[in-house]
Structure formats: structure tokens, C-alpha cells
Amino acid sequence: MGTFCSVVKFENLQELKRLCHWGPIIALGVIAICSAMAMIDSVLWYWPLHTTGGSVNFIMLINWTVMILYNYFNAMFVGPGFVPLGWKPENSQDSVYLQYCKVCQAYKAPRSHHCRKCNRCVMKMDHHCPWINNCCGYQNHASFTLFLLLAPLGCIHAAFIFVMTMYTQLYNRLSFGWNTVKIDMSAARRDPLPIIPFGLAAFAATLFALGLALGTTIAVGMLFFIQMKIILRNKTSIESWIEEKAKDRIQYYQLDEVFVFPYDMGSRWKNFKQVFTWSGVPEGDGLDWPIREGCHQYSLTIEQLKQKADKRVRSVRYKVIEDYSGTCCPLNRGIKTFFTSPCTEEPRIRLQKGEFILATRGLRYWLYGDKILDDSVLEGVSRIRGWFPRNCVEKCPCDAETDQAPEGEKKNR
């Protein structure tokens, strides 16, 4: 626990505001309900503390809760690690291999990406997780993955307690008739009688907690296997997408080149050790990374620059012909536009008649692009980009001649 205490200090207490979000509220609520009900069921109705097995079981339940909460808060409050504001590579000549972030006023270090929610460039960013209200990245990847492992294991233990409690409490209350089965919930037929009878309210609460435990085991368990796949390959979700686009770019232009992902060390054990260490602190500093033979530190960033240049070539300029409020599912834009709204966390952008948009990808009834801002407004302002209805814009005449479809548009028609 030394890592947690050394990073989360008094001056970082402003991070407590991360708890004021629907994700942590739901996550902590599920943990509290499952833990509390498992302990109550064990002590009162299933495995009393005066028995050896009951004591061991109770200690294990407390242990699960402590370890789950420790790794959860570690992932939330320690965070992924952010690229320092104004960061530049040690060798100024290397800046040509890096993208520049206008919001952070810094170059994007290898493997880092800008998060719109955190409003910072994140080291080795995998994704922004709403359940911890923070990004998963370089510093908290191990804690986040351990939380994904411990939560299902603890829920499996709790689910066992719930099932056995309901079974033992209901078994002697069942009465079978010729055509009916009745359950007497008035009192327990057990000697000695429990301090609090297992009534209808207790049964409903236990059944509800069982549903939460089983749902958490399945959902969070799947996320754990996804994260382990990422760790063993040393390739984040974003980097997998970059690699896929690299192959598409090479195939589209029929180039005589091969993209090799530079951070997979060729050994799952070596990849694993970069995230999980005995000290609890991941290897490296989050800015410079070990690379495989035949690659160099900027192999991935150079590919990103190529993809960015290719996206600019493929982008299409549109003019806004009708205002759009930026709502997720606009009813006034037509029934098809309403029902085909993109299912993504990416934002919608407000449009005003006369503005210009540079579209980079699209669906049949929606487009995604950047607003073209004036030079007087552009400096110091982050890019305004997102989804908008296709029927709010028209293609500019100069781009209509090329008839170049935005990326992804043909595939989604």
C-alpha cells in the first residue's frame, strides 16, 4: 500500500471530486451492497461467527472488500500519469516525429494521447473508464487490472453465500401439496432460532444482491480478459486501432512497406513485467519505452503522422446549410437520422448556418469532422470536432468535383 500512500497526498485531495460521477457511485454502490449482504447473510443465517468456518469465511469477505476497494481507489486517484505540460523531447530534432497538442501546449510523447474528458495528454492511454472516472494508462494499469480480477472473485464468493443462505433458509420452509408448493416465511424452523428471522425482506435483498454479484462477475470478468490480452501483447486498444489503420493504409495505396508494432517485446512474460512489478510501480517513466529489435522510439508516432496526413487528403469540406443544436438524437432532422444516431461517447457539435466543416469519416445519415475556425479564434482553442447530421450540410463545390468520400462512409452505406 506504500505506492498508494506516497502518491495520494493531502494536496491531491481535490481528486475526491472524481467520486461525484455516476460511474463511481454505481460501482461503489454495487460493492457496498454485495459486501454488506454477504456479511449479514453469513453471520445471521448461514455461517455463524462462533464456528471456525464462519470466522474464516467472514475474514475472507472482509479481505475481498479491502483489496477490491484498495485497487479501485488506487486506479482512480493515482491515475494514468499525464505528459507534463509544455513537454518537449530532449533532442529538439526529434520533434518532427511527434504530434503537437495545442491544448496541453506540448508534444505528444510516444504512446500518449489526449483525453477529452481529462483534458490532458495521457501516458500510454488505453481508454477513459467511466467506472473510475479516470483514464486507464501507464501508472494505474496494474491497479485497474487487479480490480477487474478481484471484483469477480469476490462476487463469486458472495454469490455462493447468497445461494447457500437462501437454500438453507427455505429448505425447511417448503411444504408440498398435490398441486402446489408453499413457502412459510413467517419463522425459521431451526434450533436455535436466529436473532433476526429470515423474512420476505431479507429474501428479496439477498436475491437482489445475488443478481448484482452474478452480473458483475460476467461483465467485469470479460473486461479483465480484455485487459490481460492488452497487457500480454503490450498493445493498448488505441494502438491496436492504429495498427489496423496502418495495414489498411499500406494496402489501399499498395505500398512496399511493412508496419511492425515496436512495443511488443516478443515475450508475453516481458510484456507482463512492464505492468506488474514487485514494487507496484510500472517500469520506465511513461515517456521512453523499450522497443523490439528493428524498430526505434518513434516508429509508432511516425505511422500516426502518416495516417494524419492521409486523413487530411481524404477529408471533404462541407458548408453548414441548416442549424443543428448538438443534441444526441434530433427529432427535427428526420426519423432515419434519429434512429441511426452513432452509438459512441464521441460528442456531437453544434452547427450554425454558414460555418464550414472538414469531414473525415461518416455514416449514411451522419458525418464526423472538425469545425474550420478562423485564425483569430484558433490560437489556444482546442479542436471542435464531433458528429452532426448529414442533411445539415452540403459539399463545397471545390470538393464536390473530387467526389472523395469520407473515411468509413462507403463501408457503412
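Using the three backbone atoms N, Cα and C, a Cβ is placed for every residue, glycine included.
Noted in Swiss-Prot for the protein shown:
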| type | residues | note |
| --- | --- | --- |
| TOPO_DOM | 1-24 | topological domain 'Cytoplasmic' |
| TRANSMEM | 25-45 | transmembrane segment |
| TOPO_DOM | 46-57 | topological domain 'Lumenal' |
| TRANSMEM | 58-78 | transmembrane segment |
| TOPO_DOM | 79-143 | topological domain 'Cytoplasmic' |
| DOMAIN | 99-149 | domain 'DHHC' |
| ACT_SITE | CYS129 | active site, S-palmitoyl cysteine intermediate |
| TRANSMEM | 144-164 | transmembrane segment |
| TOPO_DOM | 165-194 | topological domain 'Lumenal' |
| TRANSMEM | 195-215 | transmembrane segment |
| TOPO_DOM | 216-413 | topological domain 'Cytoplasmic' |
| DOMAIN | 313-398 | domain 'SH3' |
| LIPID | CYS328 | S-palmitoyl cysteine |
| LIPID | CYS329 | S-palmitoyl cysteine |
| LIPID | CYS343 | S-palmitoyl cysteine |
| MOTIF | 410-413 | motif 'Di-lysine motif' |
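Residue with the densest Cβ environment among the recorded positions CYS129, CYS328, CYS329: CYS129, by other Cβ atoms within 10 Å. Within the chain carrying the topological domain 'Lumenal' (46-57), a Cβ under 8 angstroms from the stretch's Cβ atoms is held by residues 161, 164-165, 168, all 6 or more beyond its ends. Per DSSP, the domain 'SH3' (313-398) is made up of 19 helix, 29 strand, 38 coil. Non-local contacts of CYS343 (S-palmitoyl cysteine) by the CB criterion (under 8 A, 6+ apart in sequence, same chain) are absent.
Within the chain, the transmembrane segment (195-215) has long-range Cβ neighbours (under 8 A, six or more residues past its boundaries) at 30, 33-34, 37-38, 41, 44-45, 155-156, 158-159, 162-163, 165-166, 169-170, 185-188. Residues of the topological domain 'Lumenal' (46-57) grouped by DSSP class, helix first, strand second and coil last, total 7 helix, 0 strand, 5 coil. CYS129 (active site, S-palmitoyl cysteine intermediate) sits 24 Å from CYS329 (S-palmitoyl cysteine), taking the CA atoms of both as reference points. A strand conformation is recorded for CYS129 (active site, S-palmitoyl cysteine intermediate) in the three-state DSSP classification. Per DSSP, the secondary structure of the domain 'DHHC' (99-149) breaks down as 9 helix, 16 strand, 26 coil.
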